[in-house]
Amino acid sequence: MTIAVGRAPQRGWFDVLDDWLKRDRFVFIGWSGLLLLPTAYMAIGGWLTGTTFVTSWYTHGIASSYLEGCNFLTAAVSTPADAMGHSLLLLWGPEAQGDFVRWCQLGGLWAFVALHGAFALIGFMLRQFEIARLVGIRPYNAIAFSGPIAVFVSVFLMYPLGQSSWFFAPSFGVAAIFRFLLFLQGFHNWTLNPFHMMGVAGILGGALLCAIHGATVENTLFEDGEQANTFKAFEPTQEEETYSMVTANRFWSQIFGIAFSNKRWLHFFMLFVPVMGLWTSSIGIIGLALNLRAYDFVSQEIRAAEDPEFETFYTKNILLNEGLRAWMAPADQPHENFVFPEEVLPRGNAL
């Protein structure tokens, strides 16, 4: 009798590393974690550092940190100075030359947070792809998360790249984002942009679908428990349905005359509406980066200029936008030393 003794297959460093990264642990790392974890850590750390200690006096002429008296709503990591253009503002670059304090004064933390934040979001999407592949499910979670990534990249990176500098991107703060929204309206008439309209329809439509779906499921739960709390009657591993699709279909058929009869189509629609809203609004922001206009009703503006008694909601909004530009620009861009004489400031037809 012959006994054959096999040799154990050789395992290279890549196989060992792959096994370690994909090991079942409390916090899954994976290959995507090599991108996600360090970039997210640095982006969050940079934001906390900036909002706590770093002033915006040298970039925007304002206070923006807790150290200067701001609160959670008014603190921000502000965009770099307009003179920095589209520099990456590396700490060791020609602007800061390795001086950390100087780097913070110039707005280097904003570039640091924006770039690391973008890579962290991409890493999180790759994490969903990786785990979906390991679990054996389809990657629609990752596809859905491409919506927030598109918005972040278009607003914080693509828009300022189309403008003269990073200065015109939104700063990382609550009130700073609100200021950016007013800026978009005043300088781009953003609310009348069709891509903004599609974005609003997608986001609010997604919220409506979410509310309707949740309420309908709660309405049609099977009475399969004896306790008053229906949540305790559900088991994650149960084979039977927990609510009645047939009853839900009958209910909405009576309400609207039509209803979803296919759960798969229903849930795809709930995925499609908000994600398309995010994608379309991102496309619109890229249009704004290129200073593209949308829905300029010039005929109404000409008639309003000729006839003091003619005014529409559109012409009123145009006047409001002119006011935003005239009053906002001197405060928003103090380095330009804008001075608008009283006679050129916008006035409504009633004046």
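Quick reminder: no glycine exception, Cβ is built from N, Cα and C everywhere.
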Of the ranges 22-38, 73-89, 90-106, 277-293, which one does Swiss-Prot flag as transmembrane segment?
277-293
Among the residue ranges 39-59, 312-332, I'd like the one that Swiss-Prot describes as transmembrane segment.
39-59
Can you dig out which of the ranges 151-164, 179-192, 249-262 Swiss-Prot describes as transmembrane segment?
151-164
Going by C-alpha positions, which of the binding-site residues (His116, Gln128, Asn141, His196, His267) is nearest His213 (plastoquinone binding site)?
His267
Residues from the same chain, set at least six apart from the ends of the transmembrane segment (39-59), whose C-beta lies under 8 A from its own:
65-68, 70, 75-81, 104-107, 109-110, 112-113, 116-117, 119-120, 123-124, 167, 171-173
Inter-residue Cα distance where the pair is Phe260 (plastoquinone binding site) and His196 (chlorophyll a PD2 binding site), in Å:
28
Listed in sequence order, residues with CB under 8 A of Asn141 (pheophytin a binding site) and six or more positions away:
Gln128, Ala132
